[in-house]
Amino acid sequence: MNPQGGQYLNKAAVFSSLGAARLSQLALGCSVVAMVSHSAGYSGGSYGVFCMAVWCACFGMTTVVFFLDATRLHACLPVSWDNLTVAFAALATLMYVTASVVYPVYFVRAECAYAGCEVRNFRIAVTVCSIAGSLAYGTEVILSRAKPGRVVGYMATVSGLLKVVQGFVACIIFGALANGTEYSRHVATIYCVVVYAVCFAMTTVVVILTVSGRTGCLKLPFDRFVVVYTLMAVLLYLSASVVWPVFCFDRKYGSPERPSTCPRGRCPWDSKVVVAVFSFVNLALYVADLVYSQRIRFVTQRPRV
């Protein structure tokens with residue numbers, strides 16, 4: 001028996017604020033999956049499948065993170081552990097919030113079905129646990145976030161967290177584009193789609209380089225690369241945020257009002273509105289990212305003066 005064996009387990013993975021947050025995530029995630037599988041259900045189209053996929057994926061990933069942290073086996077992985085965990089927690093927060101909104105909208109009804117109120121009550125409980133899960137993941141992000149005088153990974157900074165949100169918003173835009181926006185009718189709207197794809201790809205590259213700890217592979221300093229890329233994204237999104245509404249809602253190219261014959265849930269006009277709104281949202285996120293990235297560079301260079 002190895003007397004030093006106890007050191008292989010990380011007590012802080014359980015007996016700490018961060019450990020408590022992850023245990024709460026596991027308990028709530030397990031409760032949600034169990035209730036949905038048992039009685040609440042998720043049939044009824046892609047929305048239910050999406051919610052179940054979110055809960056299962058987050059629960060599975062949280063289990064892996066907790067196990068690797070408790071056993072210290074994450075040291076064997078070729079990744080930046082702190083960057084990976086905070087990026088996952090931020091993404092899980094956004095996914096849980098989305099599922100917490102989508103599920104009750106499509107599955108919770110005020111009246112009880114013919115079989116009684118059991119199913120409805122289970123679905124309400126699922127929604128409550130999902131909201132609590134969002135708070136648990138958000139708590140981990142807050143606990144891991146960069147604070148003055150504390151050395152953390154890039155993903156724990158405001159700029160790093162904004163990268164996760166930008167990628168998530170881009171996925172919403174892609175989802176709307178896939179819902180029949182008819183973007184291929186004009187070259188200008190095709191240009192907008194290219195802008196969304198290029199910015200999303202670059203954001204993904206930044207996150208992957210950071211999480212994998214490969215930022216040193218770049219030919220220029222990472223902070224400069226991030227600022228240059230973010231400035232480019234601001235300019236591209238600014239152009240797309242102007243071009244998309246013009247070619248979708250101007251009378252010369254599209255319709256400024258929603259067609260009365262447009263089917264609910266599959267209306268191209270609605271999808272165009274979603275793309276327009278979230279284009280401005282991502283533009284604001286990239287502007288905030290650019291401002292904060294410049295602030296970070298100023299702070300790190302100040303002692304050299």
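Placement of Cβ uses the backbone N, Cα and C atoms for every residue, glycine included.
TrEMBL has this to say about the protein:
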type: TRANSMEM; residues: 12-35; note: transmembrane segment
type: DOMAIN; residues: 13-149; note: domain 'MARVEL'
type: TRANSMEM; residues: 47-68; note: transmembrane segment
type: TRANSMEM; residues: 80-102; note: transmembrane segment
type: TRANSMEM; residues: 122-139; note: transmembrane segment
type: TRANSMEM; residues: 151-176; note: transmembrane segment
type: DOMAIN; residues: 154-298; note: domain 'MARVEL'
type: TRANSMEM; residues: 188-213; note: transmembrane segment
type: TRANSMEM; residues: 225-247; note: transmembrane segment
type: TRANSMEM; residues: 273-292; note: transmembrane segment
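Confidence over the domain 'MARVEL' (154-298), given as mean pLDDT on the 0 to 100 scale, stands at 86.
Residues 80, 82-84, 86-87, 90-91, 94-95, 141, 144-145, 196, 199-200, 203-204, 206-207, 210-211, 215, 222, 226, 271-272, 274-275, 278-279, 281-282, 285-286, 288-289, 292-293, 296 of the same chain lie 6 or more positions beyond the ends of the transmembrane segment (151-176) yet place their CB under 8 Å from a CB of it.
Residues 159, 186, 188-189, 191-192, 195-196, 198-199, 202-203, 206, 218, 253-254, 272, 275-276, 279-280, 282-283, 286-287, 289-290, 293-294, 297 of the same chain, all 6+ positions outside the transmembrane segment (225-247), place their C-beta atoms under 8 angstroms from a C-beta of that stretch. A Cβ distance under 8 Å defines the sequence-distant neighbours of the transmembrane segment (80-102), meaning residues of its chain 6+ beyond its ends; these are 25, 47, 50-51, 54-55, 57-58, 61-62, 65, 69, 74, 127, 130-131, 133-134, 137-138, 140-141, 144-145, 152-156, 160-161, 164-165, 168, 207, 210-213.
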